[in-house]
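Chemist: What TrEMBL shows for this protein is this:
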- 9-277: domain 'Tr-type G' (DOMAIN)
- 18-25, 86-90, 140-143: GTP binding site (BINDING)
Amino acid sequence: MSELEKEIHKRRTFAIISHPDAGKTTLTEKLLLFGGAIHVAGAVKSNKIKKTATSDWMEIEKQRGISVATSVMGFDYDGYKINILDTPGHQDFAEDTYRTLTAVDSVIIVVDSAKGVETQTRKLMEVCRMRRTPVMIFVNKMDRDGRDPFELLDELEEELKIGVCPLSWPIDSGQRFKGVYNIFHEKLDLYTPSKQTVTESVEFKDISSPELESHIGDNLAAKLREDIELIEGVYPSLDIDVYLKGEVAPVFFGSALNNFGVRELLDCFVQIAPSPRPVEAIERIVKPEEPNFTGFIFKIHANMDPNHRSCIAFVKICSGKFERNVNYKHIRLNRMLKFSSPTAFMAQKKETVDEAFAGDIVGLPDTGNFKIGDTLTAGEDLHFKGLPSFSPEMFKYIENADPMKSKQLQKGIDQLMDEGVAQLFTNQFNGRKIIGTVGQLQFEVIQYRLLHEYGAQCKWEPINLFKACWIESDDKDQLEDFKKRKSQYMACDKEGRDVFLADSNYVLNMAQQDYKDIKFHFTSEF
Ligand code: GDP
């Protein structure tokens, strides 16, 4: 194996996703502790945007600051190089999370054992499914009274539409939680509430051995044997290829807060989770081991300092080796660029790096060259496929509130849209601009940033819209007829594509019925 291949194969780039409060931050922190990347608990700050008062923008800015520091957390563990990509906890920033998922090779989903599958988990899983991302599940908070584990597995399968394969199994829960039988490593991991963590780990290849009773007592031993027998009958044993195809999720039980079951999860994860996977470009499939560097921008983070309008563009390296001060081709601009201070993210520190490999994330200081989805290569003309934009859920007209600053407003809107903060639609009939978001908070962030970073003032005006959908048809006449009849409701997205603005579900249904040869799409890529 070449040096390049070795570097690439030891990389594990993934994201932890969960519904807020399931324990993502806590789990991340414990993983970093194992990697020696941090030394004290409490070092990882939640990036949850807590909405205190609508006017408390300093708070959001501060929290955005935290989120750049924790955008990527890299550390070494057991000969592996691990990159954890952080995702915003607040659902109003779900688009950000979707895009981050384009840059990972696998995902760990955290589920609260008492709450089971929650809305945000369901949505994020849909994105994983679209991309066939391999998924592992950590059922957290076993130290609390939770639901019956079999019932939980059923729910995971049903709600997340993925097969499950338990690799550890809880012995009781809540106050009486005794630990887990670790199916993957064939051992018994015991838990003592006062001591926390794994107090004792006993190898147990054969759980019919009477020794089991001496550890957990007669009743629990009998129950565990019964459970394991049932599991073996009902669930397939772990098939790594099926996991890698994203069809089955290995499941672990534990308690992140008590550091229980976390190392076991990590040990299995590094063993079975994929190293960087091939990435699809429009032209061809790019393999990570190819020597030439390629990568794409999946996230742009604006500087918090309004006096320096520079950003950090985050590149996921898809193949080869990236080097400092080497010329790379920015495909969209058709220009060679080199980077003198690319940053890598080790633990929670940013540092300048000379080289990075497929699987890694590099931060490039940028003054407006990059948009989300841009491709960089060593010279080849490639375009990586991104994640489609989803049809937004909330809409408002954006209007200029300061006639002297219309240029600034225009520029601000353009740049914020390039950063992927929200989606812009321009009404073809009257030219008014409409911003579409997934949550109210995004409108507030846009208004704030336009003012503080661009000196522009905007105001919002309501628009009654149910959905924006991209339309296309092979029947050009029908399409033209539709556009003419609905001219007041036609808009363009920022690439100039036709978008139909339906003001109610009824109108949308009628349109779909009346125009059978027109396709109505709810994501921008089709
Ligand atoms: P996030 O929103 O998913 O990042 O969740 P956090 O990691 O911030 O955790 C939410 C709350 O659950 C915090 O108060 C944690 O201390 C708590 N928590 C996390 N893991 C556990 C656990 O295993 N057991 C218990 N009892 N509480 C936990």
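Note: Cβ is positioned from N, Cα and C throughout, glycine not excepted.
Those TrEMBL annotations? Automatic predictions, nothing curated.
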Chemist: State the count of C-beta atoms found within 10 angstroms of the C-beta of THR87 (GTP binding site), not counting that atom itself.
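Modeler: For THR87 (GTP binding site), the count of other Cβ atoms within 10 Å is 24.
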Chemist: Does anything in the same chain, at least 6 positions from ASP21 (GTP binding site), have a Cβ under 8 Å from its Cβ, and if so what?
Modeler: ASP112
Chemist: Let me check the 10 A CB neighbour count of SER18 (GTP binding site). How many other CB atoms are there?
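Modeler: A count of 23.
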